[in-house]
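What follows is a single structure, written as structure tokens, with notes after it.
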Amino acid sequence: MNSKVYTCENESVLAGFVPFSTPSFKYYQHIKIPSPKRASLVEKLERLTIKHRLSLGTLDLNSSTVDSVEKRLLRISSTLTYCLDDLGILLAQKAAQSLSASQNDSFLWGELNMFSVALVKKFCSDASQEFLAEIPQGLNWSVANINGNAEAGLLTLKTVCLIETLLGYSSLENIRCIIFVDRVITAIVLESLLAEILPNCNNWKTKYVAGNNSGLQNQTRKKQNEIVEDFRRGLVNIIVATSILEEGLDVQSCNLVIRFDPASNICSFIQSRGRARMQNSDYLMMVESGDLLTQSRLMKYLSGGKRMREESLDHSLVPCPPLPDDSDEPLFRVESTGATVTLSSSVSLIYHYCSRLPSDEYFKPAPRFDVNKDQGSCTLYLPKSCPVKEVKAEANNKVLKQAVCLKACIQLHKVGALSDHLVPDMVVAETVSQKLEKIQYNTEQPCYFPPELVSQFSAQPETTYHFYLIRMKPNSPRNFHLNDVLLGTRVVLEDDIGNTSFRLEDHRGTIAVTLSYVGAFHLTQEEVLFCRRFQITLFRVLLDHSVENLMEALNGLHLRDGVALDYLLVPSTHSHETSLIDWEVIRSVNLTSHEVLEKHENCSTNGASRILHTKDGLFCTCVVQNALVYTPHNGYVYCTKGVLNNLNGNSLLTKRNSGDQTYIEYYEERHGIQLNFVDEPLLNGRHIFTLHSYLHMAKKKKEKEHDREFVELPPELCHVILSPISVDMIYSYTFIPSVMQRIESLLIAYNLKKSIPKVNIPTIKVLEAITTKKCEDQFHLESLETLGDSFLKYAVCQQLFQHCHTHHEGLLSTKKDGMISNVMLCQFGCQQKLQGFIRDECFEPKGWMVPGQSSAAYSLVNDTLPESRNIYVASRRNLKRKSVADVVESLIGAYLSEGGELAALMFMNWVGIKVDFTTTKIQRDSPIQAEKLVNVGYMESLLNYSFEDKSLLVEALTHGSYMMPEIPRCYQRLEFLGDSVLDYLITKHLYDKYPCLSPGLLTDMRSASVNNECYALVAVKANLHKHILYASHHLHKHISRTVSEFEQSSLQSTFGWESDISFPKVLGDVIESLAGAIFVDSGYNKEVVFASIKPLLGCMITPETVKLHPVRELTELCQKWQFELSKAKDFDSFTVEVKAKEMSFAHTAKASDKKMAKKLAYKEVLNLLKNSLDY
């Protein structure tokens, strides 16, 4: 790939296309660091080694671990001594520091016992401190003082030579340099040094790349590729590398290669020189002065390279022998594509095709040949998962295998197992699947708003509103009474929305909310304007806790044409005699002093206190005693509740710790305000309520309050915003944004429901299906998603099994994944614009759109749904692809739970997933004598089912390794089908039996019930392992060991994750294949399957007996308590460690299966942690 081919007649012409770097030598003096200093540091290293070796005796380690740690200590000491002599004290210190770094555990040359790792790191840390003591500190020392550092022994002259060489290329633009070293530790410390020095000189960036063979570094292949790519793009200028980059790297702009350590052989020499790919590039070899042996060796490498090129050019004149004439060779050509397979290539194609068939650790599918040279014939037996089982051919003995393979290729193409390009069907399916994964998705998606609450502002004399009474009833006593509120909409709401009920939650308990229709009212323009002005005023004050934005909001209020939120939220009078709307409270928003005085001339209030001075003028006492007021001196908003006739400006403060201070003195001292009407009584005011979301399941924290709920307010400092309005009414309105959020969500769900024809389910169930866990609501989609996922898998698998009867399990699985992957489900959902209906954000009242406010405060953009209905986009948000896919599955679950399988299929058809449950009779292979192969009587008795087609039972018990010609298929296709059937049956059973499960618990119960470990345990308890047909010694050993371990264990439960036994997957597969066989034989009757398999499963799991997987449970426990969880894996072991406060819990588990080792390690640490915490 990315290669170039040139044909040249001599080397001079070739040089014009293939650049050769100019080699040269760089000599340096090897002068050791001052002898006393070196001797002292070496002695300190030896003492540290002895000290830490002795401390091994204090650890509870076995002898092999002690030996391993001692070897590591000695090797680290040797490495540090090498760095000291070859690089200098400074780089030796950097090496020790790197080895002690916690993020570089793999620097310790392999995995150690987790308790001995700390000892090795401590040795490295102590060594780092010893080196550090020799390095000058303070402002007078700089790493960039190269010559001074060399004289002090901090850098060797070899290191200085490298730095000076690089600086000599400072004038070179766009430098790309590779420095080759022998050791990984050299690459690490040189990168660190150059990263300190070079940026101050020329802004060059340095990175290192090293291989993993030494075990001394933890760079992943991905990280190495990223560094090389950055080098290619110029983001990295210098790479310090080991031999890992000597071959395979092609950077056309690389113009300098430096051999810091000489090449060890000619291959290394030529390959490293070849990395300099740019014209006029340099290849520098650093050699110690006087080292004639190394210099002579490198000169030989130079002359050898030249001689090789000359020899290659000489041979270029030798003519190539003609290719053999294969024009008469038999072949098969696909006319539509021109793809061809010949007699000689047919064998490799058959082997390639078989390699792509399903396999496991006990069986690798391959062709089997039966050659009869006497008759000149050959029979080819293909694996059981292949649609062509047997092919015979006659030909010359020399080409018997080729002839039968060519014939097999023709037959495989005929049945579609080989494509028109003669590629295995599995390769084609995987290619299609990979293309699907690359489908682009824009995470910025719309958030819809219901059109029922939006309309055009009109200039009609009257407007009809349909009113619904919102009644709120708390389940416990409260300080304030909850009043009824009226919701007025321009349209009649759907019955299950307009007459719905739900609950709100706060720290005091729950509030039952009910909606009921009370009738239609015809409102004049003036009345509508009053209603809007009232609700904007009250909601803006509640949302902002100030009046800063109030005037702007009110100034934009006017009746005009245009799209805006058009619904009313007005107080109710509790009276059915005249009007339900409390117009007195609504009209109070336009309150003036003159109007009040005229209306209250005959007010019953006695004495001088009847008239009070306010910021707005004179008001009657009965007006300001139940009002919403604003105090400019502190910017607070209060709701008043009565007049304190026994308190005035001369009274002593009732505030705690106020001493003998009067209200006059307090306001003058605290706010610089002099009260003028000191004889007027004070108002009893309460700080305005804080809005919260009362839809969340999370526990509400008690509202943070001021020192006291109520405060005393001088009337003359108050602006009256609304009056009369009671504290109870204001308190009631704090819950309205949450009430409307639920109504808006129900309307969004209703609009989605209307889009799906022919099927009607409760709107609240649709809302549950489009509500994600991120909303923190009282419900979310997880249970419905689990149910929908199982049905979707079941429906698709059944259709594929019936319609693709020649496809093997691998091909069926790939096609199934392609149909129900998150990518495809998201695409289906987006085609129907489901993404706009999804509720994926936690409700925040601060972002709630106030109805009636000018549309400048928010944006409503018209959008058209696929059925040409209008809806509005209120905002855009980031929505993950998986969220859309989850909602598709949850909606399938919603329609399944409420309308049955037909309703679920109709929804799937609407969204684009075409599935048909019409069963077709599949033509089976010729009948076999089942009784001679399996114990039919025992199996039918065990399953409590009598097979009409006994061959299905044989197929369900046949492993792929059992290559007997009398059995046409293995169990893989039936397992594919049975897996989905059992998954759906068990999930549906759990969902129906426990309808009130909390979201997420159904998923846990399903995971603990539907897994291969549970099925395998069932198979062993039922002795099914004795009836499986297989021909694998490895599988036989694994089954025997598993059965022996089970018989010795006390394991009873067949559900959950209790088993410590590593079961062969084959055992669990057989339970699924038997379910599939019964399903097919019974005419796709899943109830028959459940009746047969359920007794084998034993007691079904319950919410009380469900257990989380140890990996998940420990992870969630550590997240909850903020414990540090670390893990490490080897080829046959898995280690888990948890640091909980000052304690540490660790365990290393070994198992032949990596998943089992991981589970055992997590399980043991989980038990240790629980016992320690008394959890």
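Note that Cβ sites are derived from N, Cα and C of the backbone, with glycine treated the same way.
Automatic, uncurated: that is what TrEMBL annotation is.
Mean per-residue pLDDT, taken over the domain 'Helicase C-terminal' (167-331), amounts to 82. The domain 'Helicase C-terminal' annotation in TrEMBL covers 167-331.
Residues in the domain 'Dicer dsRNA-binding fold' (346-432) partition by DSSP class (helix H, G, I; strand E, B; coil) as 36 helix, 19 strand, 32 coil. Residues or ranges marked as domain 'Dicer dsRNA-binding fold' by TrEMBL: 346-432.
Annotation source TrEMBL lists domain 'PAZ' at 592-722.
According to TrEMBL, the feature domain 'RNase III' maps to 768-900 (among others).
Taken from TrEMBL, the feature domain 'RNase III' covers 936-1083 (among others).
The feature domain 'DRBM' is assigned by TrEMBL to 1134-1171. The residues of the domain 'DRBM' (1134-1171), classed with DSSP into helix (H, G, I), strand (E, B) and coil, number 18 helix, 15 strand, 5 coil.
Counting residues per DSSP class in helix, strand and coil order gives 92 helix, 2 strand, 54 coil for the domain 'RNase III' (936-1083).
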